Every structure is written in C-alpha cells, then in structure tokens.
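The annotation region 'Disordered' is assigned in TrEMBL to 500-525. Taken from TrEMBL, the feature transmembrane segment covers 6-24, 145-167, 206-232, 238-255, 340-360, 381-397, 403-423, 435-456, 468-487.
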Amino acid sequence: MDRPSYRYLILCLACVGFMISFSLRSAFIMTVTHTSHLEEEPNSVHNERSYLQRENRIDILDHIWNSSVGNHSWEVRPANGSTVARGQRVESLFYRGCTVYNTSRDYESGYGFSESVQFYSVYYLGMGPGYLTSAFILSKLEPHYVIAAGFYATAVLHILLPVVFTLSGSGVMVIRLLNGFVESAIQPAIVVISKSWAFKGEESTFLSITLVGTYLSPALASFFVGACLCYISWHASLYILAGLLLVWALLWHLFSYSSPLDCPHLSGTDMKRYKNEQNTGAKGFSSKGHKIPWRDILTSKPVWAIWVAVVNKNSNLAAVSALIPLFFKEVYGIRAADSGLLLIAPFVSNSASLLLSSYISDRLISSGKLKITTARKLMQCLGALGEAIFLICTIYVSDWRLAAAFLTLAQAMTGLCFPGFSCNTMDLSHHFTGAIGGVVCTGIFMVFVITGIASLLPDHGGPNKWTVIFWINAGIATFSSIFYLIFASGEIQPWGIGKGEENTERSSLVRTPHNEEEQPTSLAD
C-alpha cells in the first residue's frame, strides 16, 4: 500500500507557517494599540512624559469619547454603558485579574494615533518594491527556499522589534519597512508551490487550505496576545511568536519541495498522476528557465482585473486588521486586549467562508456546471458586494455588539472572494504564476493609502473619520466587483505558455476526469 500523500505535509506546514507569521502582524498591532496614549490610564506609573502629553490632549479625547462628530449620533462609551471620566480606569471586558497593567511588565510608549497607524502602514510600503522584485527572485531561486528565507528574516526582525520600540520610533519604521520587503516574495512563491502540488480540479481548495492560516491567525492571535498583555508582559507575544516562526522556518527548509516531481518521498500513485497532469517533466510550474513576458503581463486586462481585486482585499485588510482595534477603542472605549477578542468571530467566519466557497467553486468547475471564468466572477462579485453592504451597516449602529456582528458578516462575505481573485493567477499561466502574483500583489499599497488617510483625518470636526474610512472601503469593494466582472478571465492566456512547450502545455490544460483504476483522493472529493 502506498504511503500517505506527501502533499498533506506540505499543506500542514504551509498553513501553520502562515498562521504564525500573520499572528505576528496582529501581535504588533495589538501591542502598539495597547501602549499608545489612549490605552493607558492617566495615573500610570510609567513614562511621565507621555502622561503630560496626554493631559494636554485631554480635551480632544473628551470630544472623541463623549460627543458626536459624524453625520449620525455616535455617543462613544465604554462597553458597560458609562461615560469615560477623566482619570477613570476602563476595566477589561473579558480578562479578569490582569497582573500586568501598571507594573514593570507594562509599558506606555508615548506614541499617538498617527504614529500607531504609520507603524502599520509602512510595512506595506516596504512590500511594494518587494513585490516588483519577487518575480525576478522566483525566476532565479526555488520557491520553497524563498519562503524559508523570508520567514527566517521576519522572525529575527520581530525579535529585535520590542527593544527598538522602546528606543526610537524611526527605528521601528525602518524595521517594519524591512519586514515588508523581505516578506513580499512569500505569497507569490506559495501560489507557485500550490499550483505545483494541487491536483487538477482542486486548485482553489488546496490554496485556500494553504493560506487559511493567514485569515484565521488574527482570531487565534487575538486571544493569545490579549492574554500575554494581561498576564505576562507587553512584549511577550512578539518574542514567543518570533521563536515559533524560527522553528517553523527550519522545518519548512528541511521538508518542503517546490515541485512534487522533485520530492523523493512521493508515493508511486501520486507521482504517476502528477506526471500525467502536469506533463512538464521535472520543471514543474516554476518560472525558472523561462523568459518572463513582462510586456504581455503588464498589458493584460485579466491581470489588471486581479490587481483591482487585490486592492479591494487589502483595503479591507487595512480597515479590519489595523484600524478596527483603534475603532473599538476610540468609539466604544474598549481596550486592545478586549477588541482583539471581538475580532475572533470576524476572522473565524472569514476562514470558514473561504474554505467552504473554495470547495464549492472547485466542485462546480470539476463537475462542468460552471466554467472557470464564470465561477471566478461569481464568487468575487458576491463577496465584494456583500462586504460593501455590511461595512456600511457597521458604521451606522450605536452598540458595539451590533458593530461586531456586522463586521463578522462583512468578513464572511470577503471569504467568498478567495476562490475568485486569489486563485485566478493560477488560471492565466503555469510557468509565470509567480510573476503574475508579484505584479498583482503590488495592490498591497492600498493598505498604505487607507491607513495613511486614517492618520491624516482629524479626530474632531467635519465628518466622522470612521465614516469616511468605511465608506471609502465600501466604494472600493463595489468598484472592484464591477471591474472584475467585465475584465476577468479564467482561461490560459496566449503569453502564459512556456517557449518550446506550446503543444504539450495546451494539451495539459484541458481538464478531464481521470479514469485510471487507482487515483489519489482529491481534496475536492
């Protein structure tokens, strides 16, 4: 009897690795929010300079917390319903008996709202040029090595981050910028690996399981980081998660392969099916050895349709991952540790939605009920439009429970987009999936734009800043669905076939059922 399919190990390793890496992002956001001006009490024994600065801004805070500043009546109160008085300690909603607050294990940074948002957004500024160079990197190196190197560097930078955080805001900006750059090639690389290891008809399901850790990690990290903030120390979560990421990067380095055709541990049944389906010899789906058709990629309408969808995805990421903890703190007076727990439901719903929708999409495609293009457009448009509706609902409620509920529904709809645009890069080309991924992922700059807008909006006067932010996100979601509906494609592009392999590649792109007597079980079955 053949050994279990090695691709399950690849799936598990990738899922866990991305879960740890993205948990670090959430940990940093919650740590910054926790140590910011608005988080600590005025009687904190730490950082008297920050206390005096906060006292000078108390009128602004009173205005934010106890008056309506938008075009609807938002009376900002803590979750227990009482107004926030000057000098009053806002107790934790979910954690009892916290032993860290106002001790030597706590810290008040002195960073305000603008600095906190900039620390987050500069990460994505570093990702911009990184994505542009990722295609070149993937044309020279094997994708699994690129992933290992990116996560090694990420772990080391986060080990340094707490020390630098207490010394210099400029130093934090530099580390975050470097972190964004070194991580930029990881996502295009994992798409190449997923394309290589997935059987035909299960591409969406395989990639969704691989990347579900990125969507589930904020939910898991919220509980873990909140507990660390309450019971261990303000920076404990960063050290613990960075250490775990170092261990994982070593395991990935030792046990992963860019292509199943390079894996010596593959079962005979799996090897036979991979060779029949890929029909590309030992090269797999890597762009290594192929000349990348940059002009065709950059002028392709289907590529730009994916890019616009990525812009929407990342504007949503900025609003939820970076700004929602600040939203709950400013609008409802809820602590970072508690708002982190409120984010568990949205991210769990997002993860469940993307897994279920990916499975349904693959089944509809493999059964012949929907063409690839139709399935991609259907999922993308349903998800983006649903997201826009529930984001708007989130800002027009006065109760934090309703706001959390609408946010959960918005994230559930966002999960439907995954088998739309996220898997679309695998449809357009085999060998240039990494290059396409590098181009479309430059849409990550929208996180920088959204968070930049948030940091510049005044805390008082004029339309409420949160109303502006959420309406911008809803508008982007609506526009992206229309643009994707018109220009997206799920078909192989003429430029997407490697030189000298036109005949074999075209024949391998035809999705046909496999009639061999013994076939490995597909994830979509």
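Any Cβ shown, glycine's included, is placed from N, Cα and C.
By the Cβ criterion (under 8 Å, sequence separation of 6 or more), the transmembrane segment (6-24) is in contact with the transmembrane segment (238-255), since 3+ such pairs are found. Across 145-167, 206-232, 238-255, 468-487, the stretch most heavily in contact with the transmembrane segment (403-423), judged by Cβ pairs under 8 Å, is 206-232. Within the chain, the transmembrane segment (468-487) has long-range Cβ neighbours (under 8 A, six or more residues past its boundaries) at 301-302, 304-306, 308-309, 311-312, 315-316, 319, 323, 377, 380-381, 384-385, 387-389, 391-392, 394-395, 420-421, 446, 450, 453-454, 457.
For the transmembrane segment (145-167), same-chain residues at least 6 beyond its ends with a Cβ under 8 Å from one of its own Cβ atoms are 17, 21, 24, 28, 31, 35, 107, 109, 134, 137-138, 175, 178-179, 182-186, 189-190, 193, 235, 238-239, 241-243, 245-246, 248-249, 252-253, 256, 258.
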